[in-house]
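Undergrad: Copying in the features that TrEMBL gives for the protein in this structure:
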{"type": "DOMAIN", "residues": "34-171", "note": "domain 'Nucleoside diphosphate kinase-like'"}
{"type": "BINDING", "residues": "Lys42, Phe90, Arg118, Thr124, Arg135, Asn145", "note": "ATP binding site"}
{"type": "ACT_SITE", "residues": "His148", "note": "active site, pros-phosphohistidine intermediate"}
Amino acid sequence: MMSGGTLCVLKRSLLNSGKLIIPRVSPNTNRSFSERTLVAVKPDGVQRRLIGQVIERFERRGFRLVGLKMVQVSEELLAQHYVNLHKKPFYPSVLRYMTSGPVVAMVWEGHNVIKSTRTLVGHTNPAEAAPGTLRGDFSVHVGRNIVHASDSPEVAQKEISLWFQRSELIDWVCCDHAIMYDP
Ligand SMILES: Nc1ncnc2c1ncn2[C@@H]1O[C@H](COP(=O)(O)OP(=O)(O)OP(=O)(O)O)[C@@H](O)[C@H]1O
Ligand SMILES: Nc1ccn([C@@H]2O[C@H](COP(=O)(O)OP(=O)(O)O)[C@@H](O)[C@H]2O)c(=O)n1
Ligand SMILES: [Mg+2]
């Protein structure tokens, strides 16, 4: 596998040979391919040392990590996060589960990242999650499905601002983006 440094050298040599054209638009201002989503490794995923495996799937796919932190989540935050689950019979068990240990929250960015992430994470119920998805590969019970992911652009926006301060999100230039994206 090529390292980031190798990719940068490759990019420079393609640029010098005129074979690579970098779009003149700054990646910080062009948001057309820069949707963002909230992903969280839940307490069972952290306990089972699956943080690296989760991050690896997103990096391998080509998404850009713009925020990352480990948090002991409060019931107040969860009440806002799972606002549509308050009336569900399993809500108290979700609260107990999500506050049982630290959670690793992250924000990933990229083209269609919200939909792609849901596909990558898999069905809520691991029994219905396809092999190859995170839930399909690493979990068996709906109440211990190792990872959370926003399920729509509106929810992603709400969840990112609930879990992260603006100053905790970092815009940086991924040196292979000009290769991965068709401007
Ligand atoms: N019957 C159940 N028993 C226990 N826990 C459940 C049950 N159903 C759902 N949950 C938990 O509540 C979470 C929220 O349910 P939701 O319907 O939002 O699923 P999801 O969107 O796939 O999960 P998440 O929002 O955590 O990404 C589930 O991820 C799961 O951990
Ligand atoms: N029948 C259910 C549905 C959801 N849940 C939990 O609640 C979480 C959030 O539910 P959700 O409907 O937002 O599903 P996802 O977005 O997590 O796939 C799930 O991930 C499960 O952990 C559960 O325990 N039992
Ligand atoms: Mg959900």
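Cβ coordinates are placed from backbone N, Cα and C, and glycine is handled just like the others.
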Undergrad: Consider only the binding-site residues Lys42, Arg118, Thr124, Arg135, Asn145: which of them have a Cβ under 6 Å from an atom of ligand 2? Write none if no residue does.
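TA: Correct list: Thr124, Asn145.
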Undergrad: Counting only residues 6+ apart in the same chain, whose Cβ is under 8 Å from the Cβ of Arg118 (ATP binding site)?
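TA: Within the chain, Arg118 (ATP binding site) has Cβ neighbours under 8 Å at Ala149, Asp151.
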Undergrad: From Lys42, Arg118, Arg135, Asn145, which binding-site residues have a C-beta atom under 6 Å away from some atom of ligand 1?
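TA: List returned for ligand 1: Asn145.
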Undergrad: Could you give me the DSSP helix, strand and coil counts for the domain 'Nucleoside diphosphate kinase-like' (34-171)?
TA: 68 helix, 28 strand, 42 coil
Undergrad: Can you name the binding-site residues among Lys42, Phe90, Thr124 whose CA is within 10 A of the CA of His148 (active site, pros-phosphohistidine intermediate)?
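TA: Hits: Lys42, Thr124.
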Undergrad: Far apart in sequence but close in space: which same-chain residues, 6 or more away, have a Cβ under 8 Å from Asn145 (ATP binding site)?
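TA: Lys42, Asp44, Thr124, Asn125, Pro126, Ala129, Arg135, Ser139 - these are the non-local Cβ neighbours of Asn145 (ATP binding site), listed in sequence order.
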